[in-house]
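Undergrad: Please find one structure pasted underneath; my questions will follow.
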Amino acid sequence: MTKNISRDRHVAVLPFPFSSHAGRLLTLVRRLAAAAPNVTFSFYSTPKSIESLFSPAERVPGNVRPYAVPDGVPEGHVFSGEPVEHVNLYLTAVGEGESLRGVLKAAEAETGRRIGCVMSDAFMWFAGDLAEEMGVPWVPFMAGGANSITAHFYTDLIRETVGMHDIVGRENDIVKFIPGFSELRLGDLPTGVLFGNLESPFAIMLHKMGRALPKATAIAINSFEELDPDIIQDLKSKFKMILNVSPFSAISLPSSPPPPPTSYTDEYGCMPWLDNRKAASVAYIGFGTLATPPPVEIAALAEALEASGTPFLWSLKDNPKEFFPEGFIKRTSERQKIVPWAPQEQVLAHGSVGVFVTHCGWNSALESIAAGVPLIGRPFFGDHQLNAWLVENVWKIGVRVEGGVFTKSGTMSALELVLTHEKQKELRARVEMFKKLALKAVGPEQSSTRNLHTLLEIVAGYNL
């Protein structure tokens with residue numbers, strides 16, 4: 001098949017350089033680049049993102065080249081602590097892609113190759129306009145799930161049906177008109193659809209994304225078809241091509257070697273610690289790169305872990321241990337490990353882990369499913385609420401903490417339910433079922449494998 005690849009193909013890649021978005025897209029690009037070594041992939045991201053993603057340890061293929069774009073942060077700017085503040089600054093600077101046109105031209109001049117395809121994070125909706133101007137395919141990648149695409153694609157329908165005024169207080173209303181969802185709580189729609197600052201750059205970006213996606217040549221989704229079949233069926237009727245391609249790290253592509261064994265750093269010794277724990281007994285706690293519970297909730301979660309006697313591995317960045325109850329670390333020292341970072345996929349795959357206490361970010365939920373581990377969700381923003389709804393009400397593989405925030409009693413109840421209550425057998429059986437479906441999807445000639453091959457054909461310029 002490689003002989004049919006366009007030898008001077010040049011693919012522009014426009015990530016959303018925050019949270020795990022850019023890393024997830026780069027992982028996909030690396031798979032494609034290894035299978036199409038004659039194709040150049042130009043990866044446009046912020047300096048901070050590039051420094052992290054293109055470190056020597058990452059071993060990025062030589063045909064993937066980084067190009068820095070401004071992050072939009074004014075010199076001397078003092079951040080307020082809002083999770084999406086740096087996102088809004090970047091989006092304001094990028095605008096509708098005007099600032100990227102010069103960088104794209106520079107990459108064309110440097111490589112001597114005209115851009116023949118634009119890949120982007122789906123959030124970067126204006127990439128569709130750039131691709132249209134160049135007369136080339138646009139392939140957005142949704143780092144979240146198909147359910148998020150549905151919510152943003154139908155935003156106008158939702159706003160028209162529900163109304164935009166007096167919406168506060170209606171979070172618990174159940175609606176049944178959104179295609180693909182049998183029902184959904186209004187308060188669990190992603191931020192920017194009905195709730196939150198709808199005039200913020202972030203909310204406007206999501207709304208424009210929903211309107212722009214129909215022009216895409218194909219939409220690649222970080223999921224597998226069997227997880228949300230009703231939603232996928234509806235989306236396939238609305239878009240030109242839907243390609244669920246996960247878990248893509250396990251899929252072999254033509255003309256490239258099989259994926260190497262996963263290498264990871266365990267500098268804090270998480271895995272040896274887990275080796276000494278009983279099967280399915282440990283609560284692994286991690287909230288991603290952007291979400292951190294407020295101090296009162298960190299204290300409540302700590303109190304629940306101590307009172308319940310649950311062994312736990314807690315990945316806690318920025319060292320907010322000052323918020324723990326006095327003496328907590330010493331009293332729990334025999335059954336806990338608290339680290340600033342953990343190799344999450346490997347931790348979840350360890351047999352000692354019995355539950356994942358999470359913010360319900362999409363990658364975290366997907367990794368937990370792939371490992372067969374039930375979840376306890378404490379959603380914060382973005383698609384977290386929607387993912388928590390799916391975990392508890394649709395997939396039935398976990399629970400949301402009572403009231404959506406950590407309290408001592410509510411967290412103890414959730415831990416008991418998932419780890420020791422009779423219901424834990426049902427939760428574990430359900431998540432094990434989805435784990436098997438995920439593994440099947442990446443088998444030979446199965447859904448995610450076929451879709452990733454199709455994506456390679458489109459992006460790398462096979463002569464179809």
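Placed from the backbone N, Cα and C atoms, the Cβ positions cover glycine too.
A quick note: this is a predicted structure, and the numbers were derived from the prediction, not measured.
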Undergrad: For the UDP-alpha-D-glucose site, Swiss-Prot lists Ala342, Gln344, His359, Trp362, Asn363, Ser364, Glu367; sort out which one of Asp318, Asp383 goes with them.
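TA: Only hit among Asp318, Asp383 in Swiss-Prot's UDP-alpha-D-glucose site, alongside Ala342, Gln344, His359, Trp362, Asn363, Ser364, Glu367: Asp383.
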Undergrad: Kindly point out which candidate in Gly382, Gly398, Gly403, Gly404 is recorded by Swiss-Prot as part of the anthocyanidin site with Ser19, His21, His152.
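TA: Looking through Gly382, Gly398, Gly403, Gly404, the residue Swiss-Prot assigns to the anthocyanidin site is Gly382.
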Undergrad: Name the residue among Asn38, Asn244 that Swiss-Prot annotates as N-linked glycosylation site.
TA: Asn38
Undergrad: Can you see whether DSSP assigns Gly382 (anthocyanidin binding site) to helix, strand or coil?
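TA: Note: Gly382 (anthocyanidin binding site) is coil by DSSP, not helix or strand.
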Undergrad: Whose Cβ, among the recorded positions Asp121, Glu367, Asp383, has more other Cβ atoms within 10 Å than any of the rest?
TA: Asp383
Undergrad: Please give me the CB contact count at 10 A for His21 (active site, proton acceptor), counting all chains in the structure.
TA: 24
Undergrad: Would you identify which of the binding-site residues Ser19, Ser364 has the most other C-beta atoms lying within 10 angstroms of its C-beta?
TA: Ser364
Undergrad: A 10 Å Cβ contact count, applied to the binding-site residues His152, His359: which residue has the minimum?
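TA: Comparing Cβ neighbour counts within 10 Å for the binding-site residues His152, His359 gives His359.
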Undergrad: If you compare CA-to-CA distances from Glu367 (UDP-alpha-D-glucose binding site) to each of the recorded positions Ser19, Asn38, Asp121, His152, Gly382, which comes out shortest?
TA: Ser19
